[in-house]
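Structure first, commentary second.
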Amino acid sequence: MNTLKFTKMHGLGNDFMVIDAVSQDFTPEDAPIAAWADRFRGVGFDQLLVVGRSETEGVDFRYRIFNADGSEVGQCGNGARCFARFVADKGLTDKKEICVETANGVIFPKLSDNGMVTVNMGKPRFMPSEIPFVPESGEGDDACIYGVHLESGIQPVSCVNMGNPHAVIVVDDVECAQVRETGSLIEPHRQFPERVNVGFMQIVSRTAIRLRVFERGVGETQACGTGACAAVVAGIRLGLLDEGKTVEVILPGGTLYIEWACGGDVMMTGPAETVFEGELAYS
C-alpha cells in the first residue's frame, strides 16, 4: 500500500482535492473518487483536480476535473484558478501565465502578485448542438431564451457552453429562488443530453449580479466560476448587463469579476487558496 499526496484548496468555498500526477503516479480512473469526496468519511470536496503534463507542444499542463460522483467534466473555472496557484506554489512552473489543456480546449491562467488569478476562459458557445440542448418549443439556433419543459410548465432559460453546459435563469431574488427544487429537475432533464449546470441570476445593476448555481453531479455549491461566466454572458445577450465592462458576480462564497465583449473571450478574475496538505493510502 502506497501513500498519495494531495492538497485541499478552494476558490470562494468551491473546494477541491488537487493531486500532482506530474511528480507521483496516479490514475484517476482507478481511484475511489466518490469515497474520497465524502465529507464525513473521506477528504470531502466538490471536485477532484488532476495536474498532469501535456503531450501537446507549447502547452504546459493537462488539467482533468472529476465531480464528487466520479464523473469527468470538461471545465471548472474556480478549479482553473486553484490549478494555477497549485503549480506555482509547488514549483512545477515559474511562469506567471501558463497554457493549460482541458478536455474542452486550452485556457490561459495568469497569476497576479496580489494573490488573484485571472483566467482566459475562451469563447462562449450558444448553438443547441454545442451545449448540448434539444429545443422542443421551435426556437431557432441563435435564440437567447429557450424553454425547458417541466411538469409545472415551461421554464425559460439561457443556454451557454463555457467548456461545460449551463442553463441560466433570471430571478427577482436569489435568496428566495428554488435552487435545489428547480435545479434538481433541470440538471438531469431530457433536453440536456449531458446534464447541465443551472444558474439562478439576480440583476443588481448593469455591472453587478447575485448568483447561485446548482452544479451538475454536485448540487448547489458556494461558487461556480464557469457558472459566473455563463451568467454574465447570458445577461449581456439579454441586454441586462453592460458589454465590455467588468461585472461583479456575488456568490454565496464570495465575489468573482467577469468581463466579456460579444465575439471575444471571457475573462474571469478571483482568488485561489490552499486549505491544507495531506496524504492517504492508495494502491
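Cβ coordinates are placed from backbone N, Cα and C, and glycine is handled just like the others.
In sequence order, GLN75, CYS76, GLY77, MET121, MET162, GLY163, ASN164, HIS166, ASN197 constitute the residues six or more apart from THR226 (substrate binding site) in its chain with CB-CB distances below 8 Å. For ASN14, GLN47, ASN67, GLY77, ASN78, ASN164, ASN197, GLU215, ARG216, GLY225, THR226, the entry in Swiss-Prot reads substrate binding site, with the evidence type sequence analysis.
According to DSSP, CYS76 (active site, proton donor) sits in a coil region rather than a helix or strand. Sequence annotations record features per position, and here Swiss-Prot assigns active site, proton donor to CYS76 based on sequence analysis.
For CYS224, the entry in Swiss-Prot reads active site, proton acceptor. Long-range neighbours of CYS224 (active site, proton acceptor) (same chain, six or more residues apart, CB within less than 8 Å of its CB): ASN14, GLY77, ASN78, ASN197, GLY199, LEU211, VAL213, GLU215, LEU251.
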Binding-site residues listed as ASN14, ASN67, ASN78, least Cβ neighbours within 10 Å: ASN67
Near-site residues: substrate, ref ASN14, GLN47, ASN67, GLY77, ASN78, ASN164, ASN197, GLU215, ARG216, GLY225, THR226, CB cutoff 8 A to centroid: ASP46, ILE65, VAL73, GLN75, CYS76, GLY79, VAL213, VAL218, THR221, CYS224, GLY227
Three-state secondary structure, ASN14 (substrate binding site) (per DSSP): strand
